[in-house]
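Have a look at the structure below, then the notes.
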Amino acid sequence: MVGMDLFKCVMMIMVLVVSCGEAVSGAKFDELYRSSWAMDHCVNEGEVTKLKLDNYSGAGFESRSKYLFGKVSIQIKLVEGDSAGTVTAFYMSSDGPNHNEFDFEFLGNTTGEPYIVQTNIYVNGVGNREQRLNLWFDPTTEFHTYSILWSKRSVVFMVDETPIRVQKNLEEKGIPFAKDQAMGVYSSIWNADDWATQGGLVKTDWSHAPFVASYKEFQIDACEIPTTTDLSKCNGDQKFWWDEPTVSELSLHQNHQLIWVRANHMIYDYCFDATRFPVTPLECQHHRHL
């Protein structure tokens, strides 16, 4: 009987793993992504893929599938040296004018000055929810991991698994939350010298082109959907690992990490910008330290 009980237990675990393992994880670039524009500026070197920006074009890539909830991660080494005027982005987005979007935007700077990481969130086409911070390392010398963890409870932006921003689901407070549109995963590099560096005061020096961002360790552990209109596979009663409270909510240690990031590296938070928002956005009233 003990042997039979053990067998049943193992089979139940296997069924659970299968039901929650419809995600896609760790793969080569071509398995998860494809060039979305300027194919000659997107170079797949096997383990590493590079996006190049010159005075002719930037470049970008996109995921082959769309997803509803899960975790996407990528390792990026940003443009070395003088990157002023350039923006490298890693983000998730749905389609259409009323789209949802989660953004990492890396704003280039002059040599010796720190990169600025800007995060932004769009829900139903409404954005303008920027936060900016300086990193606690040089992101141009080595690869670092940037992740977005998206569940029904929250959206968490992470750098090397350290949370830097959390957006909780506060629909019960009347605050919209991104939960009903499938998203693709994207990255791109482009010239944004009208605003990216010191408010547009520093322009791109094309004598330093090409500007190259490098990528590796492509991971998408998320619920892949068959069509953008059929979301039942991913938002029904079925439970995935990211639905567990121990995953979708920050631990005590992660909360301490987030507080440390905000205290030591945050340089802008839209919640405290009274010029842009004379009336404090509703979600800011409920995210005291987020």
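Placed from the backbone N, Cα and C atoms, the Cβ positions cover glycine too.
In Swiss-Prot, Cys223 is paired through a disulphide bond with Cys234, chosen from Cys234, Cys271. For Cys271, the disulfide partner recorded in Swiss-Prot among Cys42, Cys284 is Cys284.
Around Cys234 (disulfide bond), a 10 Å sphere centred on its CB holds 20 further CB atoms from the protein chains shown. Site extent for xyloglucan: the farthest pair of Cα atoms among Glu105, Gln118, Thr119, Asn120, Asn128, Arg129, Glu130, Asp194, Trp195, Gly199, Arg276 sits 20 Å apart. Put simply, of the recorded positions Asn55, Glu101, Cys234, the one whose Cα is nearest the Cα of Arg276 (xyloglucan binding site) is Glu101. Annotation note: Cys234 (disulfide bond) sits in a helical segment as assigned by DSSP.
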